[in-house]
């Protein structure tokens, strides 16, 4: 984990981190303007690299599979549009269906990377206690949902490795059909796995009141970051209501619009996503300046921080 992110994690409590993570998940869900979605994707991947580099390659591969499958499904199911690019019997490929498929695929990938950051930063027990104090069953469902994507990726890697040995002597299938079969197997395994996990948690009493993990300490940074996140999300919701940064998916006429409002929205989302880096960087520079002012020594260590 990058030292700026580590600094952010150490100097904020679990509630502040939870608010931040919910914020980036909402940003990934709310907006589907392709320009905004692409910039958000770059910011999310940048954050993911800083948070945890160990599984980056695996997530890249899985996100590519998710994008391709979503894109292909949209081309098959949504063939509406005025600008026909290619037609084969009853199937037609339109410019609008291509754009719809691209937007939908990027939206799913953004959500995937938002959950990646979530799993790297959040403390599951803390979130469970925060939710279970009011909504016990919802807390259980929420925890299972959050853990669903990493578990699917793990099953994907295991199943793909096993299939390489099983089909090496068989007739090679088309890549699309092979991918579709693989996704069906993965989803079946994932659903069965999480049903077992849910039953186990209920039997162990995780849907009942749990012992408190301790008192949360709120500092000035926690209040400041929470206010910034909530204010930014309120602005985002107002923008969504005003149809800013949102495209009507599935429509015949898809129009790409990027005005000053979209530019403001893009800047707000970038700041919200990169908030841990900004906070960690400002905190690091402040301490560097503070140490250089209070230290009167001429040692090598002091000179380095001046």
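Yeah, the Cβs are placed from backbone N, Cα and C, and that goes for glycine too.
As annotated by TrEMBL, transmembrane segment applies to 12-29 (among others).
TrEMBL lists 35-52 (among others) with the feature transmembrane segment. Residues 1-2, 4-5, 24, 27-28, 59, 103, 106-107, 109-110, 113-114, 116-117, 120-121, 245, 256, 258, 262, 265-266, 269-270, 273-274, 276-277 of the same chain, all 6+ positions outside the transmembrane segment (35-52), place their C-beta atoms under 8 angstroms from a C-beta of that stretch.
As annotated by TrEMBL, transmembrane segment applies to 59-77 (among others).
As annotated by TrEMBL, transmembrane segment applies to 97-118 (among others).
The transmembrane segment annotation in TrEMBL covers 130-149 (among others).
The transmembrane segment feature in TrEMBL is assigned to 185-203 (among others).
As annotated by TrEMBL, transmembrane segment applies to 223-244 (among others).
Among residues of the same chain six or more beyond the transmembrane segment (264-287), those with a C-beta under 8 A of the stretch's C-beta atoms are 2-9, 11-12, 20, 23-24, 27, 31, 35-36, 39-40, 43-44, 46-47, 50, 221, 225, 228-229, 232-233, 235-236, 239, 244-245. Annotated transmembrane segment per TrEMBL: 264-287 (among others), in sequence order.
59-77 is the stretch from 12-29, 59-77, 223-244 with the greatest number of Cβ pairs below 8 Å to the transmembrane segment (97-118).
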